[in-house]
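According to TrEMBL:
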- S54: active site (ACT_SITE)
- K112: active site (ACT_SITE)
- 7-20: compositional bias 'Polar residues' (COMPBIAS)
- 28-199: domain 'Peptidase S26' (DOMAIN)
- 1-20: region 'Disordered' (REGION)
Amino acid sequence: MPDPVMTETTSPEKISGPRTTSAPAFAWYVTFALGLALFIRFFIAAPYVVSGASMEPTFDNWDYLITDRISYHFDDPQRGDVVVFCLPGSGDCSFWHRILNRDWAAPRTLIKRVIGLPGETISVDGTRVEITNAAHPEGFMLDESYLAEENLGGPTGTHVTLGADEYFVLGDNRRVSSDSRIWGTLPKADIIGHVLVRLFPVSSIGVLPGSADYPENSQDTTDTGM
């Protein structure tokens, strides 16, 4: 409640000085603010800075991104989502694991695009990506017209069937990207979140930057093995 407004004259000795916050209250405010900031940072949203050329021209060096860490607890990644994740096989990089094991080293995180979903068979032949799933048992070629031709290429000859909660991810700059063609499938447990906002550079600020909506997304009913 706001302090009442005085409507009568009062002698100076009756006017109290400015109200101050006690030390315990201030400490509580600081603790609460810090706890809230840490909760948001590790469970809701987290900032990342792009380093490397594997997602060019969609994302460049020093792009400042905010990643949504909570959505995939209630929903599954979709084809075309740009995700940040821990490199598979590099250890558990979850917040609680790092705290309980006193592992303060920054985990190796990567940013790629989701191409294959659980239950699908993915074949990479040259610059073409073919996907076979329950909705398309004969297979279909993925339409990636958003990619620059000069960025196509890189490792080829990949043929893999994804298990439950496994994803196949690729960089937009295929020629230089280290992705599922090299180190294999991406478990959902290693996904930190999907890119929600780009805050820098200012000229590229936007929500869901780099998102790709594939026509077959509305038709796919993949077998997840569940």
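Quick reminder: no glycine exception, Cβ is built from N, Cα and C everywhere.
Counting only same-chain residues at least 6 apart in sequence, those with a Cβ under 8 Å from the Cβ of K112 (active site) are S54, M55, V82, V83, F85, V169, L170, G171, S177, D179, S180, L186.
In the three-state DSSP classification, S54 (active site) falls within coil.
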